[in-house]
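Notes follow the structure.
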């Protein structure tokens, strides 16, 4: 028996006896190919149970509790991310524009996709939203999947240009350029999600000489499965394996560049005259190096978490598309992969704000400010000017970024209208 693949937006076509009422005789060979003769005597409920399975997904309660926890953390975290970037001018950097776009994608998944999937797990059939709702559901999941990976890839390219090619970054890493890139990202994501969307539709169970079974409508694959297999495997290759390989190479090059620069700067510091001069120069270099290393480390961890969270999703879809003969062992393995892929799919949408809070002092500060409500909170928290958003501390009390802004943010203050922009979200 072929297992169901609900978060793949498909149901196996061989579970459905046909898309229209069979005009052949009730005991014809075509009818016997799909239904047992006993099916004519079964009630509608028994037919639905036989061919569609239980109406409520097994393990619904524990999965529901897990999803609700992810929903709360992700909705609050991504909402705060969007809020602080919109409210604080100092946070409207090219890098943070990508993070804003990623947060919007995650919010779409959590606020629209997750409740819809929870409802379907509670009530697997009938699908109540019609053909339009089926198209929307499939398009949403596919589009945010593609938009997320394109966002993270574009962000990695931006970080590579900023670190390895700083002169080109002055003209390329600007807010206007990022807005154009993000427009292209979402446009490409929607365009590339259309093939999978077009393969889906609404099907109902039909019994020969009896007609459609009430309340059996399901949003599922309605085109040849070979087309779906090709789309899924191509998507996994072009929108997961290839981007992960590109990002791995980019961050390797970034790491090598930062290491080489650090060694050169240390050698230059040793050539300074007095001990006091070497100390001051070393302090400035530490701040410059710390700022770039911190943001690069945060974005690298974001990419790693992204890969971990999305790998089960693609493994789930590819496994369903390549296996033609299902044994009990494969069926059991797929069920485990399917549950894990669903949890990690939504966990990936909730993890990013947690990473920002843990690894970025600037995001952590603005998150606390956004959550701090009331006069009492204002009295308790230290006063921060907008300039404090670009301050970082090190082990030395002699180092203060306030006087070294051009070192920590070499792209700031040189681009006319972009004079206030910074490339680091930390």
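Just so you know, glycine gets a Cβ as well, placed from its N, Cα and C.
What Swiss-Prot records for 134-219 is disulfide bond, and it gives sequence analysis as the kind of evidence. Using a 10 Å Cβ-Cβ cutoff, residue 219 (disulfide bond) registers 27 neighbours. Residue 219 (disulfide bond) carries a strand DSSP state (E or B).
Residues or ranges marked as N-linked glycosylation site in Swiss-Prot (evidence: sequence analysis): 7 (among others).
Annotation source Swiss-Prot lists N-linked glycosylation site at 27 (among others), citing sequence analysis.
The N-linked glycosylation site annotation in Swiss-Prot covers 41 (among others). Remark: residue 41 (N-linked glycosylation site) has no non-local neighbours by Cβ distance under 8 Å and separation of at least 6 in sequence.
What Swiss-Prot records for 1-65 (among others) is topological domain 'Extracellular', and it gives sequence analysis as the kind of evidence.
Look at Swiss-Prot and you will find 87-97 (among others) tagged as topological domain 'Cytoplasmic'.
Look at Swiss-Prot and you will find 119-138 (among others) tagged as topological domain 'Extracellular', backed by sequence analysis. Residues in the topological domain 'Extracellular' (119-138) partition by DSSP class (helix H, G, I; strand E, B; coil) as 13 helix, 0 strand, 7 coil.
Look at Swiss-Prot and you will find 162-181 (among others) tagged as topological domain 'Cytoplasmic', backed by sequence analysis. Secondary structure of the topological domain 'Cytoplasmic' (162-181) per DSSP, as helix, strand and coil residue counts: 17 helix, 0 strand, 3 coil.
What Swiss-Prot lists as topological domain 'Extracellular' is 203-235 (among others), and the listing cites sequence analysis.
Model confidence over the topological domain 'Cytoplasmic' (257-294) stands at 65, taken as the mean pLDDT rounded to a whole number. Positions annotated as topological domain 'Cytoplasmic' by Swiss-Prot, on the basis of sequence analysis: 257-294 (among others).
Broken down with DSSP, the topological domain 'Extracellular' (316-338) shows 18 helix, 0 strand, 5 coil. Residues annotated as topological domain 'Extracellular' in Swiss-Prot: 316-338 (among others).
According to Swiss-Prot, the feature topological domain 'Cytoplasmic' maps to 360-426 (among others), an assignment based on sequence analysis.
Residues annotated as transmembrane segment in Swiss-Prot, with sequence analysis given as evidence: 66-86 (among others).
Here Swiss-Prot flags 98-118 (among others) as transmembrane segment, drawing on sequence analysis.
Sequence annotations record features per position, and here Swiss-Prot assigns transmembrane segment to 139-161 (among others) based on sequence analysis.
Marked as transmembrane segment by Swiss-Prot: 182-202 (among others).
Counting only same-chain residues at least 6 apart in sequence, those with a Cβ under 8 Å from the Cβ of residue 134 (disulfide bond) are 127, 200, 201, 202, 219. Counting Cβ pairs under 8 Å to the transmembrane segment (98-118), the stretch among 66-86, 139-161, 236-256, 339-359 with the most such contacts is 66-86. Take the transmembrane segment (139-161) and the stretches 66-86, 236-256, 339-359: counting Cβ pairs under 8 Å, 236-256 has the most.
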